[in-house]
Amino acid sequence: MISVVLPAGGQGKRMKSSQNKQYLMLNEEPILSHTWRVFARLTCVFIKEIILVVADGEQQFCEDEVVKPYISEKHPEVKVISGGKERQHSVFEGLKLVSEEVEMVVIHDGARPLVSEDVIYQTIGVASESKSAISAVPVKDTIKMINKNSNTVEKTLSRDQLVYVQTPQVFDKELIIKAYENAFKKRMIGTDDSYLVEMLGHNVDVVQGDYQNIKITTPEDLIVAKEILKERGS
Ligand code: CTP
Ligand code: MG
């Protein structure tokens, strides 16, 4: 069985909006509703539950405005819980509630509303073999490492080895819980889940992601997301 953890407990500071970015409207619906709906509609019978991790005090709002409009009878179990200070704390709160019988966990940012079913299923497929898979796309720009003090280039990284890492990221349940426990024990904070798995020395497979699966982070991203939805005809 599979559990889905959707971290949506951030504050959206880089969006510079008075409202939490998850609830900003994207085609007349909150961003998080789009993300929720993709997972709520998955027909995969192995999905046991979806755990939405939201900011403190936003649970009721999320249940009423995001979950209820798309809940169906054959739907897996839904848990809406409150998160923590950093994304890593929020995901960990979600992992603590994963049911006993679950073998695999799908982690996906609430702020990535344009994820496709295809990418989700492909990432699950690879992780079911290797225990750990992330979706990613090749970088388009040249990326350089710089010295922030002197504002000079340290080195130019080889582009054909670089990817933009996205979510979903899918892991064997025992492995991801062990990775999170290890990270907290060693006081490590990573910006994605697979980093914590890498820190255990475990291999992480990379699955072809989708350039349209952007994370809504700054105001420009919302403009791009609206255009993508327009092109999709929705
Ligand atoms: N997230 C979370 N709990 C946190 C911080 C982030 O669940 N304490 C979630 C966000 O809600 C988002 C995802 O992790 O869906 C990716 O994080 P990010 O894009 O950084 O969102 P925010 O932290 O909300 O934005 P910002 O960093 O600009 O404040
Ligand atoms: Mg953040």
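Quick reminder: no glycine exception, Cβ is built from N, Cα and C everywhere.
Residues or ranges marked as site 'Transition state stabilizer' by TrEMBL: ARG14 (among others). Mapped onto three states, the DSSP output places ARG14 (site 'Transition state stabilizer') in helix.
What TrEMBL lists as site 'Transition state stabilizer' is LYS21 (among others). Under the three-state DSSP scheme, LYS21 (site 'Transition state stabilizer') falls in the helix class. Within 10 Å of the C-beta of LYS21 (site 'Transition state stabilizer') we count 25 further C-beta atoms, all protein chains included.
In the structure as shown, the Cβ atom of ARG159 (site 'Positions MEP for the nucleophilic attack') sits within 10 Å of 13 other Cβ atoms. Annotated site 'Positions MEP for the nucleophilic attack' per TrEMBL: ARG159 (among others), in sequence order.
Under the DSSP three-state reduction, LYS215 (site 'Positions MEP for the nucleophilic attack') is assigned to coil, being neither helix nor strand. Feature annotation from TrEMBL assigns site 'Positions MEP for the nucleophilic attack' to LYS215 (among others).
The recorded sites listed here (LYS21, ARG159, LYS215) include LYS21 as those with a Cα within 10 A of the Cα of ARG14 (site 'Transition state stabilizer'). Figure note: comparing Cβ neighbours within 10 Å for the recorded sites ARG14, LYS215, the maximum is reached by LYS215.
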